[in-house]
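Heads up, the thing below is written out as structure tokens.
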Amino acid sequence: MKKTFSFTILLACFLSAAFFACQDHTVNPGTPGGTTTPGSTTGTTGTSSTVDLASSLTVTAIMSSSATTNTTCASATGLAKIVCLTEAFKATLSSTQLSTVQLTYSLANAQKWSNLPANLSARYGLNLASLNTAQLTAFRNLMVAVQGLGTANEGYDELLGNLVADNYLYSNGGGAGYGAGNFFVSIVGTPSTTGTWEILYTGHHYTQPYTFNGPAGSGYTPAFRGVEPTSVVSNTATNQSYQPMEQERLAFAAMLTALSTSEQTTAKLSGTYSDLVLAPGKDWQFPTAKSGLQVGSLSSDKQALVLNAIKLYVNDLDATTAATVLAKYTSELANTYIAYSGSTSVTAQNDYIRIDGPSVWIEFSYQGGVVIRNTPHPHSVWRDHTTDYGGTK
Amino acid sequence: MIFTGILMGFASLQPVWAHPMPNSVVLLNIHADRIDAELQIPLVELQSAWGHAVNDSSAGLVERLGPQLRDYLKSHIRPQSPDGRFWTVSVGDLTIHESQNPIVGVYRELTAQVQMVPPAGEDVRQFTFHYDAVLHQVRTHKILVSVRQDWAGGQLAEAEPAQVGEISLDIVNDRLLPLAVNLASGSTWTGFWSMVKLGTQHIAEGTDHLLFLLVLLLPAPLLVAGRRWGPFGGVGRGSIRLLQIVSAFTLGHSLTLLLGALGWVRLPGQPVEILIAVSILVSALHAMRPLFPGRETWVAAGFGLIHGLAFAGTLSNLQLDAGPMALSILGFNLGIELMQLLVILLTMPWLMLLSRTPTYTYVRNGGALLAGVAAIAWIVERLTERPNAVTHLLEAERTHVGWLLAGLALLAGWASWKNSRSASVKKPIL
């Protein structure tokens, strides 16, 4: 009996060992249904953000002023002032927040933007809902300094209108991935007047980067503009009304409808465009050949209409910066091309416009509604052939 | 196990930054002499490319525009062999249904079954895929091409489709390029082996099949004493009973697996799954009180027929040609037997040991009770088509079966030791 028993103990050990050794063959922990996650758009890093409406309304209320409260940077000018205001914003943050908002400079960090709400595409940095009043005010002081002021639905006012529109989406079927609290700020690289660094502000329908290369120049693209709804939205804090992209749409329609029939034929693209071509993620892929109609072949009044459309992007920047950029685009206007697909009135889904110059690249796509179904809404991107990401490739 | 969910899982995958428009999906099923492709085309994009208000009025679309749609697809799907010759393409079933992704929400799409046959002597695994449906016009459209099944390459529709590539506008050069498809060479052996693996996996994950067999084997080493289970009947007798029961079960499920996989017998999944749960309940009751003593072999064979029908469901989902199907039935069944054998080898020694001790009464009744509860929970789940607390628990605890086995081994060791001590006091023989 003893012998039999020790044999069974031995057998027990052997079989148990064999079982555990084979366990990954015999037991599959996966559920057999194996559901794939459709449209998994969140990256492996960054923050997927959802925020309640009250927080987004608080953010919007604090952002609803274009007056600066900063006095310490008042004497500084140009890039030194932006560095000063960025440092002033950083000074209000806790060490944890600081480590989240301050990234090292790299193209990969700069490319972390999207036209999707932050619950579907993660961003780096801090979302506005996580900032307290003092921090948000310091951030506002920075944005007011780098944005154009004084024109309705342009510059800082357009940025604000975009927050208000996203709050509207929250309450009209969009949910907690939408709203002002889900917009992000990150500082990519160390702020300085000499090195390369970037302020990246990115949310659902609005992304604006500012890349500084010291004396070598700066870049303000790729910048994304869009909006849903296209109808008028109202800021509950101020009762101010916004329609952030309507001027752009009208400017493109004016530019296209002014063209003669033969000019329109030349400008018309054979393809259909249901979205932007150089959408988020399609960096440094400018077409080698330009399509459409050369602006230099147009009468000066029609050329002015092209420049008007370009201004609605460039003049979102502070007046000094905008003037520099616009001077460059104006000097290149004759060699810039315009093209479109769909209708010239820019009213229908798949209406598409492109402005492609030696430097400037602007696309505008009127596309199917997402939260507000069956109503087209605009997506638009402004890029620059040489200064996208401040020239970082 | 209900595997129908697997085929439905694959939806449009989006890149990291995303596209607010849904993309097309092409799923390839690679056969020895042809490729069957399933196309999924969002109607909103098809309308932009082709017109006919296919999205605005999608009701009755196939009846209304079936022939034109087939012609359109045929002219935009042109696989080409390396020698330059184009394949023969035919478009079969067209259906319209709703799909969904988190970015665009619900949208309607056209699903088309397309058959692509290379010229005689040309390989199905190497070709240039000229596919530009929708994309020929809508320059922002995107087509994701994946292999859903490649039997000879060892990939089965049970797994997630393997992406081959994306067809989209070459933005820089403003042109459309075809997709080069080069599938790694496959073999009959690879296909066969993947079926063996699928068989083992099926049993390993199929808690219900295993439980049925184990519970049926619980009283196998015992003699019947009146209307109750009696003492241990000896290793030799026990082993023979075990062999008989397992062989009968195998014979039963092999028969219906063959008939079911060949499509000669087809029963809807739900009643089969319910009957399987009932089979566990019956054998659990039998393990408590002998219901059909001496006729376990017949019962095992009978319930084997039912379990085989469930196995067959997995194979008939694969849509294989005759040759691969025959090998698949063989390989799948072999995998099932191997896994069954492993489980028996891992458990029966302990049960045999235990069955010589008084402790076995508790083990047998306890095991049978637990199996009975599980069986009832499964019956309820499969009748209501909704999981319940018990089946959730079973699914979650499935991975801990190793500990259960270790516990069983320890218990067997302890009970035998205790028994041998008391036995050596009373009757010092052996």
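Placement of Cβ uses the backbone N, Cα and C atoms for every residue, glycine included.
As annotated by TrEMBL, transmembrane segment applies to B:210-230 (among others).
Positions annotated as transmembrane segment by TrEMBL: B:242-262 (among others).
Per TrEMBL, transmembrane segment is recorded for B:274-292 (among others).
Summarising the annotation, TrEMBL assigns transmembrane segment to B:299-320 (among others).
According to TrEMBL, the feature transmembrane segment maps to B:326-350 (among others). Residues 151, 188, 191-204, 210, 213-214, 217, 242, 246, 250, 253-254, 257-258, 261-262, 311, 314-315, 318, 320, 405, 408-409, 411-412 of the same chain sit 6 or more residues outside the transmembrane segment (B:326-350) yet have a Cβ under 8 Å from a Cβ within it.
The list of residues near the transmembrane segment (B:362-380) in space but at least 6 beyond its ends in sequence, with Cβ under 8 angstroms from a Cβ of it, reads 207-208, 211, 214-215, 218-219, 222, 229, 273-274, 276-278, 280-281, 283-285, 287-288, 351, 354-355, 388-391, 394, 411. The transmembrane segment annotation in TrEMBL covers B:362-380 (among others).
The transmembrane segment annotation in TrEMBL covers B:400-417 (among others). Note on the transmembrane segment (B:400-417): residues 346-347, 349-351, 353-354, 356-357, 359-360, 363 of its chain, located 6 or more positions outside it, place their CB under 8 angstroms from a CB of the stretch.
Sequence-distant contacts of the transmembrane segment (B:210-230) (same chain, at least 6 residues past either end, Cβ-Cβ under 8 Å): 203, 237-238, 241-242, 245-246, 249, 276, 279-280, 283-284, 286-287, 289-290, 293-294, 296, 299-300, 303, 307, 340, 343-344, 347-348, 351-352, 355, 360-361, 364, 367-368, 371, 374-375.
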